[in-house]
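Before anything else, here's the structure in question.
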Amino acid sequence: AKMAAVASELLTGWCLFGLALLAILIFCWIYVRKYQSRRESEVISTITAIFALAVALISSALLPVDIFLVSYMKNPNGTFKDWADANVSRQIEDTILYGYYTLYSIILFCVFLWIPFVYFYYEEKEEDDGSTCSQVKTALRYTLGFLTICAVLLLIGAFVPLDIPYKKNSTEWEKVKLLFEEFGSSHGLTALSFSISSLTVIGMLAAITYTAYGMSALPLSLIKGTTSAAYERLENTEDIEEVEQHISRIKSKCRDGRPLSSRDRRAIQQLEERLRTLRRRERHLEFIEKSWWAKFCEALRPLKIVWGVFFAVVALLFTVSLFLSNLDKALHSAGFDSGFIILGTNLTNPLNMLLPVLQTVFPLDYILITTIVMYFIFTSMAGIRNMGIWFFWIRLYKIRRGKTRPQALLFLCMILLLIVLHTSYMIYSLAPQYVMYGSQKYLVQLLSFLDQCIVTRTYLFLHKFWFFSAVYYFGNWAFIAVFLIGLIVSCCKGKKSVIEGEVDEDDSDMSDDELSVYYH
């Protein structure tokens with residue numbers, strides 16, 4: 001009967017997993033289709049973007065699942081459940097671990113092979129009208145550079161961190177042979193861990209850039225709302241009249257037959273470009289005024305304010321908890337050489353206080369941790385959407401509804417994959433003890449609680465290399481600083497335009513043919 005109950009619970013879990021996977025795929029399809037350009041969309045780039053985005057979301061869901069499974073094996077009184085013997089516990093732990101390695105291997109495949117290949121293929125397609133074979137060869141040549149970086153990271157992870165006991169009189173060949181035997185005994189998992197940790201550092205930089213800004217900008221943009229379409233249209237009409245008058249004044253100089261100076265010709269060219277942009281804005285604003293969707297969104301304004309306040313509270317909870325956790329490490333850890341790792345907490349933070357309270361009512365603690373993980377992902381998406389894709393001070397791509405190029409979507413998905421890798425460490429920084437043990441309890445009469453509790457695979461994966469933990473520690477301080485700067489900037493900025501990011505000077509007039517797709 002107990003085995004039947006366990007089997008029934010597992011079947012229920014798999015059904016829920018299937019439904020969640022279907023929901024993730026539907027969301028990814030809607031998101032990619034919403035932002036991709038209708039005129040430049042390609043099947044392969046669309047499939048790649050949807051797949052990569054789905055992998056990012058599924059990977060982010062591993063942490064709550066990991067915490068739930070280690071907690072589920074124990075009773076509230078601290079004893080293990082009857083079915084959770086040593087073999088079953090080990091199988092569950094291995095299943096979780098291999099789940100991490102499978103998804104992280106897919107992430108490596110996407111970041112170093114699939115996404116770069118598709119990106120360079122379409123870059124070559126735009127620049128060269130040659131055969132498909134030549135485009136594939138060129139894309140493979142550029143992708144080879146990414147594969148070389150991946151191979152170097154795997155080799156460093158496989159060989160450098162190992163501490164192998166050589167015999168005194170070992171020959172060089174015996175040392176190399178022992179090195180490969182050690183590499184084979186670990187099945188290359190250490191190499192994979194090192195590669196993933198290296199990518200996580202890049203994900204940390206992306207989180208500092210995009211997520212920190214998104215966490216401050218998203219709540220305030222929801223609370224402030226957008227300007228009125230009618231008011232913007234009135235201002236835009238006045239701007240059109242002003243530009244037309246300016247053009248007429250310059251052209252009046254040549255009524256007596258005199259040619260315009262080069263300065264005046266340049267001024268007219270700039271003013272005409274400005275006039276074309278204003279007229280495109282006029283058409284967009286007119287569509288907005290007539291759109292039933294815009295009217296429906298306006299009716300949901302109170303709900304947006306509520307969501308904005310909720311996101312602001314979560315952002316403050318997140319930032320305060322991260323600050324106190326980092327301060328705890330600064331004051332009570334062994335320092336840089338240990339990766340600023342501490343066991344337990346000396347300075348409590350709001351999230352660490354809230355999670356034990358929620359543990360008393362199943363499954364509120366899992367709902368909260370899942371909400372924080374999803375919030376982290378969606379604010380990252382909001383930050384990338386608002387800022388665009390940058391390489392240092394150079395803006396490469398813009399993320400705009402219905403006008404995003406395939407290469408920009410591929411960049412967006414790659415950045416999200418990297419940010420997801422850093423998510424687990426961010427959540428660990430917020431609630432270290434909960435991420436390590438979940439809601440497990442132990443028997444106080446026994447000498448050591450560590451032997452009674454099962455550590456999550458996430459924690460073991462995060463602390464395989466201490467020097468990465470030290471880098472993440474300093475990254476957390478940078479994250480807090482960027483969040484505060486973004487908060488100040490967002491507070492000082494006014495309301496966004498109702499067509500924010502929809503009209504740019506480099507748009508063609510053909511883009512206005514898709515207005516009915518955007519607003520109806």
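Using the three backbone atoms N, Cα and C, a Cβ is placed for every residue, glycine included.
Fair warning: this is a prediction, and the values are worked out from it, not measured in the lab.
Okay, these came from TrEMBL:
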- 6-31: transmembrane segment (TRANSMEM)
- 43-63: transmembrane segment (TRANSMEM)
- 98-122: transmembrane segment (TRANSMEM)
- 142-162: transmembrane segment (TRANSMEM)
- 189-213: transmembrane segment (TRANSMEM)
- 261-288: coiled coil (COILED)
- 305-324: transmembrane segment (TRANSMEM)
- 366-396: transmembrane segment (TRANSMEM)
- 408-428: transmembrane segment (TRANSMEM)
- 465-489: transmembrane segment (TRANSMEM)
Which bits of the chain, at least 6 residues beyond where the transmembrane segment (305-324) starts or stops, bring a Cβ under 8 A of a Cβ in it?
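Here the qualifying positions are 215-216, 218-223, 225, 347-352, 371-372, 375-376, 379, 426, 429-431, 476, 479-480, 483-484.
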Taking contact to mean 3 or more CB pairs closer than 8 A (sequence separation of 6 or more), are the transmembrane segment (465-489) and the transmembrane segment (189-213) in contact?
yes
Restricting to the coiled coil (261-288), what is the model's mean pLDDT?
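Mean pLDDT for the coiled coil (261-288): 85.
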